[in-house]
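A.B. asks: Straight from TrEMBL, here's the annotation block:
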TRANSMEM  12-32  transmembrane segment
TRANSMEM  127-144  transmembrane segment
TRANSMEM  151-170  transmembrane segment
TRANSMEM  176-194  transmembrane segment
TRANSMEM  206-226  transmembrane segment
TRANSMEM  246-266  transmembrane segment
TRANSMEM  311-329  transmembrane segment
TRANSMEM  349-372  transmembrane segment
Amino acid sequence: MLANLFSNKKDNIRRGIILTLGIGFCVFLLFFNNFQRVQLVNREGTSFEKGIVTEIVDENKNTQESRQKIKVKVLSGEFKGRTIEATSFYGYLYGAKCNVNTKIILNLSTSGDNYSASVYSYYREPIIYGFVGLFVLMLWAIGGKKGLKSAIGLFFTFMCILYLFIPMLYKGYSPFWSAVVIVILTTIVTMYLIDGFTVKSVSATLGTIIGVIIAGAFAAGFGYFSRISGYNVSDIEELIFIGNNTSLQIGGILFAGILIASLGAVMDVSMSVASTINEIYEKNNDLSRKELFKSGINVGRDMMGTMSNTLILAFTGGSINTLILSYSYCMQYNQVMNMYSIGIEIMQGISGSIAVILTVPLVSLITSELLTNKRILNKVRKEAV
């Protein structure tokens, strides 16, 4: 069986190229992230360590801020194995309501032989990794080999965002073009993992890249005319502080985020339309370019509404707190419709939906052209063998 795996010379060359590119990309990421970040906060002598509560020494609920004195066995770091006293100030957004055996994260500050310890949060890491593991397991169990490849593609996307996109922004690269680079990279890799080098994957890749760039262009246009930019977001004070100490271009971050946010929906529509047209052509390869294009449009029409709903509802869900506040305080129409937060959510949802809508005819056109152009079709099929 192992001999058969490596018997195809062309497959071996392809695997070698993919392996070389993968290793080269990892090496590039290592070098790209090998720089000294600006120290915005002095963290000398401060660490965050795992611990487990062994005793509740004292608890005070009579003040506006609840407080506990506890004993904690430290499970990591310099104090590992030691039982120390710590304070837990807990509220809705910080701290932890501790009981015996509660696992927590400690904020430890040391200076010589002296230390102070406070509870930072609950220890959530196992739950997070368990939830992610369940997702991958379900993807594999139901999706089979393609499901597992999708998980690998998702991991690659996450790595690109964390170790390429964010460092690019931090170093002062254009947020918009940085997002375009990420979109191109992740789309090519994801589509190749799912379907290899085929007409479907080529069409879906081109449609996704162009569609997402269209979303960014519409968002930028909306932002220009409505006077909304990356400076109008909720965390702007912290971002300005970072921007003053680094090369971060704050104004374009909002529009870069729209490209990343709309990528999944556009990719889904692109692959679905391309797959359908390809399937129709496989059943009847006498169909003309125009007939294939119409078939793609007909299928895409059914997807436009659902995928547009997906995007708009996703962004609406992110602003549900703002909507509740507006409703509860009986804000006037002119007040609500001209809020920055509402404008941003509308811009994000509509821009992504426009990208989905325009991706349908775009992918239909590309796929029908590739399938009916015998020269291109034969070349793609030859490379796919």
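Backbone N, Cα and C define each Cβ position, glycine as well.
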A.B. asks: With a Cβ cut-off under 8 Å, give me the same-chain residues at least six positions beyond the ends of the transmembrane segment (246-266) that come close to it.
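C.D. replies: Hits for the transmembrane segment (246-266): 38, 161, 165, 169-176, 178-180, 182-183, 186-187, 207-208, 211-213, 215-216, 219-220, 223, 228-233, 236, 239-240, 307, 310-311, 314-315, 344, 347-348, 351-352, 355-356, 359.
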A.B. asks: Which residues, given as numbers and ranges, are at least 6 beyond the ends of the transmembrane segment (176-194) yet have a Cβ under 8 Å from it?
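C.D. replies: Beyond its ends, the transmembrane segment (176-194) has Cβ neighbours at 146, 149-150, 152-154, 156-157, 160-161, 164-165, 168-169, 201, 204-205, 208-209, 212-213, 216, 220, 252, 255-257, 259-260, 263, 267, 271.
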A.B. asks: Which bits of the chain, at least 6 residues beyond where the transmembrane segment (127-144) starts or stops, bring a Cβ under 8 A of a Cβ in it?
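C.D. replies: Beyond its ends, the transmembrane segment (127-144) has Cβ neighbours at 150-151.
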A.B. asks: For the transmembrane segment (12-32), find every same-chain residue at least 6 residues outside the stretch whose CB is under 8 Å from a CB in it, and list them.
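C.D. replies: Those are 6, 159, 163-164, 167, in sequence order.
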